Amino acid sequence: MAQRAAIIGGGVIGGGWAARFALMGWDVALYDPDPEAKRKMSEIMAGAARALPMLFEAPMPPRGTITHCATMAEAVAGAAYIQESVPERLELKHKVYQELQANCSRDAVIGSSTSGFTPTQLQEGAAHPEQIIVAHPFNPVYLLPLVELVPSLKTAPEVTEKAKETLTKIGMYPLHVRAEIDAHIADRLLEAVWREALWLVKDGIATTQEIDDAIRYGFGLRWAQMGLFETYRIAGGEAGMRHFMAQFGPALKWPWTKLMDVPEFDDALVDLITEQSDAQSGALDVRALERLRDDNLVAILRALKGREAAAGKLLIEQDTRLRAPLAGSVPLVTVRRTVPVDWADVNGHMNEGRYGQVFSDASEEVMTHVGADRAYIDAGHSYFTAETNIKYLAETLVGEEFIVETRVALGQGKKLRLLHEMKRPSGEVLATCDQFLLHVSLTTRSSCPPLPDVLARVEALAKAHADG
Ligand SMILES: NC(=O)C1=CN([C@@H]2O[C@H](COP(=O)(O)OP(=O)(O)OC[C@H]3O[C@@H](n4cnc5c(N)ncnc54)[C@H](O)[C@@H]3O)[C@@H](O)[C@H]2O)C=CC1
Ligand SMILES: C[N+](C)(C)CC(=O)CC(=O)[O-]
């Protein structure tokens, strides 16, 4: 049975949490008194359901349900994990904890999305402070893995551990913030940049567009893969970090930044920024901007995944968690996944080269299934593809789910012939592949019969598939 999460507050952030939990197989109970909450949630879910599965090579778990509850008590009943995402007002958050702690299980974790309050502030007046922990996510919650996990001295250690475990299982990167401070780690950094950006606009130095360009054409790209300190270490050249600090340390004392001064948020500044932002991005509505952002994030994260770097490494770990051994069905279902955005070509559909990837993945699953797995390959044996014949029967679009069904048409000595059918969930065939493989010795790089166990399984499959 699916585990149950309760989401209190279903706006930008609560909606993102609900989508991530449900897409990772949890049943979600959501409470938000906003009469528009259902519509907003379904729009967030549509975006998330398109984007999140694109990150993975492995099949997603069966999707959990999202139930809109009429009361907070109904939402938290039976929930193992509760995430509060109501507006950033301390007295409101206190009120919410009072009500939900009167109704939730004592074993449930209560995470707060707060951007800036400390866990000690959140726990003030709570009946059970030990259940409460800051779990600060980043927008969009369904794609960005970071969640700052900040316990206080009153938070029970097992709550921190349970939170880490749950958040890791749903594909997030819980960063344990060891000391509680206002705005945790990341928002403290973001606030500094935000403050400087506001001054640059107010002083007429740069427009919102120019500031965004300065970030996305330059240091924004660096930060996604190495962060700040590793980047600056490299900037110190052969002499490294010490040299970097000797060169640029003194600059911190020069008037390069406005430091802690905050510009007055008067009407003039708000109007100036809103006008510039409208000129920059007003042609697209928020859903179109979200889709653009999500597609770019998916492409960046997948590029990092290919390099096993930074957040990409986490996706590989999640793929491992999601991947289940092949069931022995006839035919075998060897691939179950979604077409990611980076597989599209100029025609706006999955590029022909990617079909080769899909069928290659399918044959690797068959190899693993018959025992020609990583250990077998490391011991010097494998299969090489000698021939493929792919037929493209229908267009496959970005964001589409598909499966590959595979039959072993021949399994005789060193010869292996696989017939793959790539299908929509409706059963419509998108492409077929007739693939001929030869068993090889990786020492001689020449063909040879498989080891007896593998051969026996290949022969058994060929027989079952001929009969089935
Ligand atoms: N928007 C952002 O970029 C980020 C926000 N956060 C934090 O997440 C929390 C929520 O922020 P957003 O989602 O941006 O705000 P939001 O305004 O989009 O959503 C808040 C939701 O809470 C609902 N709500 C109000 N009172 C409620 C109550 N008593 N019970 C249940 N629901 C109630 C509202 O109807 C609304 O739908 C805040 O603590 C914020 O600091 C964290 C990370 C990023
Ligand atoms: C602006 N903000 C403080 C609400 C930002 C965050 O809390 C995190 C984010 O997603 O940038």
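Placement of Cβ uses the backbone N, Cα and C atoms for every residue, glycine included.
Per TrEMBL, the features are:
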- 5-178: domain '3-hydroxyacyl-CoA dehydrogenase NAD binding' (DOMAIN)
- G9, G10, G11, V12, I13, G14: NAD(+) binding site (BINDING)
- 185-251: domain '3-hydroxyacyl-CoA dehydrogenase C-terminal' (DOMAIN)
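Projection of TrEMBL feature records onto the structure.
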| residue | record | Cβ contacts under 8 Å, 6 or more apart |
| --- | --- | --- |
| G9 | NAD(+) binding site | Y31, D32, E84, S85, V86, P87, V96, S113 |
| G10 | NAD(+) binding site | A18, L30, Y31, D32, D34, A37, K40, M41, S85 |
| G11 | NAD(+) binding site | D32, D34, K40, S85, P87 |
| V12 | NAD(+) binding site | I44, N139 |
| I13 | NAD(+) binding site | S85, S113, P137, N139, V141 |
| G14 | NAD(+) binding site | I7, I8, L30, D32, Q83, S85, V86, S113 |
Next on the checklist: Give me the sequence-ordered set of same-chain residues, not including G9, G10, G11, V12, I13, G14, with a C-beta within 8 angstroms of the centroid of the NAD(+) site's C-beta atoms.
Outcome noted: I7, G15, G16, W17, D32, S85, V86, S113
Checklist outcome for this item: Residue counts for the domain '3-hydroxyacyl-CoA dehydrogenase C-terminal' (185-251) under DSSP, helix then strand then coil, are 57 helix, 0 strand, 10 coil
